[in-house]
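See below for the structure under consideration.
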């Protein structure tokens, strides 16, 4: 199993949760929820990148 798999999965989950919050915030005109969603998506992207980096270095 890859060393970065857990980080990639957690990152994808955060991205998905963030997307839902962003869309709900947009649909309900709730800017705070929309901002929270965008922040969570960014966190998910960062965590996924950590997982990909771990995989890159563990395969060398």
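Including glycine, each Cβ sits where the backbone N, Cα and C put it.
According to TrEMBL, the compositional bias 'Basic and acidic residues' annotation covers 1-22 (among others).
Summarising the annotation, TrEMBL assigns compositional bias 'Basic and acidic residues' to 32-43 (among others). DSSP assignment over the compositional bias 'Basic and acidic residues' (32-43) gives 12 helix, 0 strand, 0 coil.
Here TrEMBL flags 51-60 (among others) as compositional bias 'Basic and acidic residues'.
Taken from TrEMBL, the feature domain 'CsbD-like' covers 7-58.
Annotation source TrEMBL lists region 'Disordered' at 1-60.
According to DSSP, the compositional bias 'Basic and acidic residues' (51-60) comprises 8 helix, 0 strand, 2 coil.
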